[in-house]
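Novice: According to TrEMBL, the protein carries these features:
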REPEAT    10-48  repeat 'HEAT'
REPEAT    164-202  repeat 'HEAT'
REPEAT    203-241  repeat 'HEAT'
REPEAT    242-280  repeat 'HEAT'
REPEAT    281-319  repeat 'HEAT'
REPEAT    320-358  repeat 'HEAT'
REPEAT    359-397  repeat 'HEAT'
REPEAT    398-436  repeat 'HEAT'
REPEAT    437-475  repeat 'HEAT'
REPEAT    476-514  repeat 'HEAT'
REPEAT    515-553  repeat 'HEAT'
REPEAT    555-588  repeat 'HEAT'
C-alpha cells in the first residue's frame, strides 16, 4: 500500500470501482467524485478525471443520473469559471442517452454551468455544443438541445443569434414528435431571452406552427406557451396573436388540449387583460364547464372562483352561475367534488344577495351529495359563506344539514364536522350552540370509530376554552362524568382521555372536587386497560392539582395500590407515575 504514489491512489480506487460489477459500488464512487477531485487537485481533475468520465460508458441509468447531477456542481473542482468548459464534453454525451431522467438532469447541469460561464467561453464552447446537439442524428440529442437555447442565446453575437433562431424553428418542425414536444415546452424560456422585434416575428411564427401540430401532445404543451408568451407581449399583440389561439384550443378535438386550457385559463386571462377576458374568454370558459369530457369539467370547475374574481359580479351571475348549477348535479362525483372545494369562495365575489338567492341552494344540494368527499369539501369551507351572509341565515339554512351530517355513515364526514364545531360555536354563540349542537358533542363520545371519539374529546376541550370553565361546568362536566359508568370499557377509556384534556382548562379547584374522584374511582375497574390509563391520567393531573396534600393523601395511595396490580402493564405505568410524582414533589 505504501508503495503506491499517494495522489494516484484515489483515482486508482475510482477507476476500479467504476468498472466494478456491483452497481452500488459504482454509484458510491460517482457520489464521491468531489472528494476524489479535491484529492487530485484542479489540474489533474481537468486532465485525468474529466476525460476518464467522458469515456466512461456505463450502461446503468442510476449511475449516469448520479454523474449528471455531480458534474453540475463541479466548477470549483476544475479551477473555477474559466475552466468550466472542461465539464461540457461528459455532459454532452449524457444528453444523448436514451433514459429521459438522465438527459433532463444533464440539461439541468449544463444550464447551471452555462449560467456561470463567461460570455466569450459561451460563444467558443457552449453554443457549438448546442448546435451539435440540435443537429444530432439521434432524436435524444435534439430533444436535449431545446432546453439549452435560453442559456446560449443572450451572449451570442447577432449572426449567431439569427442562426440559433433558425435552428430552433427547425426543431419545432422536426419529424419526431418528442423533439417538437421538447421545443414546445421550452419555447417560453427561449422567448424570454429573444429581443422584442424578433419575438413578434420569428417566435410567433414558431408558436403558430406548434399550435397547429397534428400531435395533441405537442399542442397541449403549446397551451403552456400561450401563458408564457402572453406575459412577454404587449397587451394589444397578446389580444391579436394569443387570444384567437386560446379560443381555438378551447374547442380542440383532443380533450387533453382542452384540459390544459381549463387548467391554464386563469393565467391566460391575466395575460390578455380584463376586457378581452369578458368578451372572448368567458364564452370559451363556459364551453369548458359544459365539456363532454369529465376531466375537462373537473379542471374547469376547480378554477371557477378564481375566474369569477376577474369578472364583475353581474357577469359572473349571468354567465358562470348557470354552469355552476349544472355542475352541482353533474354525473361525475369528481366534478362535483372539484366544484365543492372552491364554490364557497364565490360567496365573497358575488355578494350577499346573489349568495342567498343563487348559491345557498347549490350549497345545500352539495351538502346532501351521496359522495362523502363532496360533503367534506363543502363543510371545510363554511366560514367563507358565514362572512358574507351572516350567522342567522347560515344557521337557518345550513344548520339542519350540518346536524344531519353529524350522524353521517362515513366516519370521515363526521370527523370533519367535529373539527368544524369549535369554529361554528364561536360564530353561533353560547345560546344557539346549547340548543342545537350540545347534545351532538356528547353523542360523539360514544361513536363506534376511535378517531371520532378521540376528536370528540379534543372538541370538548376546545369548547371549554371557547366558552369558559363556568359554562363547561354546567354543560359538559356533568354529562361527561355520567358516561364513566358505560358498560363498554372503550367508552370508559374515552372519558378518562376527556378528563385529562379538560383538567388543564378547568383549573385546580374543579379538578380536585369533580374530576379527581371519578378517576380514583375508575382505578377499581376490572379491565387492566382502564387501570393503566388511570395511572397515566393521574400522572398528568399532579401538576394541575398543585396541592401536595391532595397528591399525598389521594393520588399517591391510589398509584401505590396500582403498582401492586397483578397486570404487568398496570404496574409499569403506575410505577412511572409514582416516579413523576416524586420529581414534582421534590421540585415544588
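A Cβ is built for glycine as well, from the same backbone N, Cα and C atoms used for every other residue.
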Novice: Given a Cβ distance threshold of under 8 angstroms, which distant residues of the chain, six or more beyond its ends, lie next to the repeat 'HEAT' (242-280)?
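Specialist: Counting only partners 6 or more residues beyond its ends, the repeat 'HEAT' (242-280) has Cβ contacts under 8 Å with 207-208, 211, 216-217, 219-220, 222-224, 226-227, 229-231, 233, 235, 287-288, 291, 293, 295-296, 299-300, 303, 306-307, 310-311, 315.
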Novice: Residue list, the repeat 'HEAT' (281-319) vs rest of chain: Cβ under 8 Å, 6 or more residues beyond ends.
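Specialist: Sequence-distant neighbours of the repeat 'HEAT' (281-319): 243, 246-247, 250-251, 255, 258-259, 261-263, 265-266, 268-270, 272, 274, 326-327, 330-332, 334-335, 338-339, 341-343, 345-346, 349-351, 354, 358.
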Novice: According to DSSP, how is the repeat 'HEAT' (515-553) divided among helix, strand and coil residues?
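Specialist: Final tally across the stretch: 32 helix, 0 strand, 7 coil.
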Novice: Residues sitting near the repeat 'HEAT' (164-202): Cβ under 8 Å, six or more positions beyond its termini, same chain?
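Specialist: Same-chain contacts beyond the ends: 127, 130-131, 134-135, 139, 142-147, 149-150, 152-154, 156, 209-210, 213, 215, 217-218, 221-222, 224-225, 227-229, 232-233, 237, 241.
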Novice: Within the repeat 'HEAT' (476-514) only, compute the mean pLDDT.
Specialist: 82
